[in-house]
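Novice: Residues or ranges marked as iminosuccinate binding site in Swiss-Prot: HIS21, SER38, TYR109, ILE110, ASN111, SER126, HIS196, PRO197, GLU198, THR213. If you look up Swiss-Prot, you'll see CYS83, CYS170, CYS263 marked as [4Fe-4S] cluster binding site, on the strength of sequence analysis.
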Amino acid sequence: MELIKEIKNLKRNKNAIILGHNYMEYGVQLVSDFTGDSYDLAVKAMKTNADIIVFAGVYFMAEQAAALNPDKKVLSPDPNAGCSLSDSLDVDTLKKYKEMYPNAPVVLYINTSIYTKALADYIVTSSTAIKVVKSLDADTIIFGPDANLANYVERKTGKRLVKVPPNGRCIVHANYTRQLVELARKKYPNAILMAHPESPLEILEASDFVGSTNQMIKFAKESPYKEFIVATELGMINALKLQVPEKTFYPLVTTEAYACARCPYMAMITLEKIKRSLEEEIYEVKVPKDIAERAKEAFERTMRLLNN
């Protein structure tokens, strides 16, 4: 495909890399130098020698990369690519909860803005949340913005999580129901169900495996099973097919609900936008120095805890 060749040439000429989230469309994953979940890509961003980082993901991910790499030029192919979770929590709301629970550590899911991250003690992903919460010497923890993930972490750790906001949800995972699971199991009787922790608790309880996008890939590679129903954003099927081509994957959707399984924000990142952003070096992500330093501090504190 000519467009893919052009993007690869631009990367080479500009010493640029593309970081692609696992939810990206197939073509975007093909041009990405690294694919992974939010945490994985944040770490990759810190280790790169490239001059330019194009973040093929939603805006909060590009913000994080910019905060962690103040000397790099970080580009977002579409700065309007938001996130329902990130949009659900603002700085003023988080400050109020911190005042209400002054002794509670603040653990924020990575799907939030850099400005709220700057108020956090720890920044987690779905793959690290349980370990971080379990490690903290506190029985009450402020956790946001994903209430579904909070419910799952509470179940696994026995700790009280004060959800901020109380009803933060991913618009894709919020659509999953037990009825969808039952229909999928009937349609694909030889498949096992993998679910993302952003899903409602009833879906997680009905699943054979619960994990982040990277954990799903690892599980699919190592599992003796050949067929999988995947309860997460539709683009994940692309990542699984690319990395585990010998196995078969089915999205947890009906024909009628197919569009609802695609995150409208992730879908905004296209090859055409990546090419334009890189070619013209537009939509550079800028984070105020003090905000970036505080967010980076929380991220590095989390990494130290995870590496212990």
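Cβ atoms are placed via backbone N, Cα and C, with glycine included.
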Novice: What is the maximum Cα to Cα distance, in Å and rounded to a whole number, among the residues HIS21, SER38, TYR109, ILE110, ASN111, SER126, HIS196, PRO197, GLU198, THR213 annotated as binding iminosuccinate?
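Specialist: Taking every pair among HIS21, SER38, TYR109, ILE110, ASN111, SER126, HIS196, PRO197, GLU198, THR213, the longest Cα gap is 17 Å.
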Novice: On a C-alpha basis, identify the one among CYS83, CYS170, CYS263 that is nearest to GLU198 (iminosuccinate binding site); the candidates are the binding-site residues.
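Specialist: Nearest by Cα distance to GLU198 (iminosuccinate binding site): CYS170.
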Novice: Quick check: in three-state DSSP terms, what is GLU198 (iminosuccinate binding site)?
Specialist: coil
Novice: By a simple count, how many Cβ atoms lie within 10 Å of the Cβ of HIS21 (iminosuccinate binding site), its own Cβ left out?
Specialist: 27
Novice: Sorry to bug you, but what's the C-alpha spacing from ASN111 (iminosuccinate binding site) to CYS83 ([4Fe-4S] cluster binding site), rounded to the closest Å?
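Specialist: CYS83 ([4Fe-4S] cluster binding site) and ASN111 (iminosuccinate binding site) have their Cα atoms 8 Å apart.
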Novice: Can you give me the Cα-Cα distance between ASN111 (iminosuccinate binding site) and CYS170 ([4Fe-4S] cluster binding site) in Å, rounded to a whole number?
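Specialist: A Cα-Cα distance of 10 Å.
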Novice: With Cβ-Cβ distance below 8 Å and at least 6 positions apart along the chain, what are the contacts of CYS263 ([4Fe-4S] cluster binding site)? List them in sequence order.
Specialist: TYR23, VAL58, CYS170, ILE171, VAL172, GLU233, LEU234, GLY235
Novice: What number of additional C-beta atoms lies within 10 angstroms of the C-beta atom of ASN111 (iminosuccinate binding site)?
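Specialist: A count of 25.
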